[in-house]
Amino acid sequence: MADFLPSRSVLSVCFPGCVLTNGEAEQQRKSKEIDKCLSREKTYVKRLVKILLLGAGESGKSTFLKQMRIIHGQDFDQRAREEFRPTIYSNVIKGMRVLVDAREKLHIPWGDNKNQLHGDKLMAFDTRAPMAAQGMVETRVFLQYLPAIRALWEDSGIQNAYDRRREFQLGESVKYFLDNLDKLGVPDYIPSQQDILLARRPTKGIHEYDFEIKNVPFKMVDVGGQRSERKRWFECFDSVTSILFLVSSSEFDQVLMEDRQTNRLTESLNIFETIVNNRVFSNVSIILFLNKTDLLEEKVQVVSIKDYFLEFEGDPHCLRDVQKFLVECFRGKRRDQQQRPLYHHFTTAINTENIRLVFRDVKDTILHDNLKQLMLQ
């Protein structure tokens, strides 16, 4: 006698909910998979270390983010390096135009009067052209201007203008690129890692970089530091684990590009005061990066910080005295001195090894301070 096998319809009547159609089974499988994904996402979000890079414009935030990519992620491949070439060419042309203009305004004579023609050529460069307006210059165009740029950089008038650069706005990497014109002038020039770190383009909008360290997910967020970009900062404040506040420590004698009046260090102090006393960040680790130590070390030899900050006491030409003063200035901006300790580091963002060592300490500080929240115990 053949075994009696009840039909699907009989089973569904006797045991409702136990028999699924193929479509229902697939739907249930997808639902379970979605639940697993949501659970993993929830765990990821709880363990995520979200680090916000804040600071005034040109403090080194974007350079620091590039270093994170080099140290903890994929290095810049050839295609990524090539993408920086138009930016570097733009940095050079823009920098030389600034120097030519400064030489004239400062009434510095040409070393060779024939270079007036080269200067005129640079000043006639169309900055409103589509690519130039975006901070990029094609190789073909750059090579047309290269002989004039080289002749100008060798002129004593331009060199004298450069020596007085704190009297006007000049990018800090301009000298590096002008000293390497032979390399930049090769038609198939590929930017090196150091070239990329020194390439300057203002940050517009929000840039994020994700990486992992020992199975701990990190998200680093860079937001433009110019005044026009700071309104975007509030978009990034949610679920912040730590803030790295970068300061260009060498700019105590310079003014903002935005208004050409406000002292840059004073601007950084004002921004920091707003951030460090914001209740939103009462449980957030705030770490101060006094950046551009290499430039500060050079500057204190020839410029007295006391001329700009009368309250300074100590030797204005002693790096340690100046650094101690800077730390005290930022510590003094905290209204509640009993809140979390303010960690600080002296950094040089273009130095990969320096940033590697500093971030190792920063990472340990962040993980230690947020152990419970990150569920790492």
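Even glycines carry a Cβ here, placed using N, Cα and C.
Look at Swiss-Prot and you will find 47-377 tagged as domain 'G-alpha', backed by sequence analysis.
Long-range contacts of the region 'G1 motif' (50-63) within its own chain (CB-CB distance under 8 A, at least 6 residues past either end) are made by residues 172, 197-198, 200-203, 207, 218-227, 229, 233, 236-237, 239-248, 251, 256-258, 264, 267-268, 271, 275, 289, 291-292, 347, 349-350, 366. As annotated by Swiss-Prot, region 'G1 motif' applies to 50-63.
Secondary structure from DSSP puts GLU58 (GTP binding site) in coil. Marked as GTP binding site by Swiss-Prot: 58-63, SER173, 197-200, 291-294, ALA349.
A 10 Å cutoff on Cβ-Cβ distances gives SER62 (GTP binding site) a total of 22 other Cβ atoms nearby, all chains included. The Mg(2+) binding site annotation in Swiss-Prot covers SER62, THR203.
For 195-203, the entry in Swiss-Prot reads region 'G2 motif', with the evidence type sequence analysis. On the 0 to 100 pLDDT scale, the region 'G2 motif' (195-203) averages 89 in this prediction.
Annotated region 'G3 motif' per Swiss-Prot: 218-227, in sequence order.
As annotated by Swiss-Prot, region 'G4 motif' applies to 287-294.
Among the features that Swiss-Prot reports, region 'G5 motif' is placed at 347-352, with the record citing sequence analysis. Packing against the region 'G5 motif' (347-352) from elsewhere in the chain are residues 60, 63-64, 67, 70-71, 193-194, 197-198, 246, 289-294, 358: each is 6 or more residues past its ends and has a CB under 8 Å from a CB in it.
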Integer Cα-Cα distance in angstrom, LYS292 (GTP binding site) to THR203 (Mg(2+) binding site): 18
Tally of DSSP helical, extended and coil residues in the region 'G2 motif' (195-203): 4 helix, 0 strand, 5 coil
Spatial neighbours of ASP294 (GTP binding site) that are distant in sequence (at least 6 apart) but have CB under 8 A: THR348, ILE350, ASN351
Sparsest-packed among the binding-site residues, when each Cβ's other Cβ atoms within 10 Å are tallied, from ARG200, LYS292: ARG200
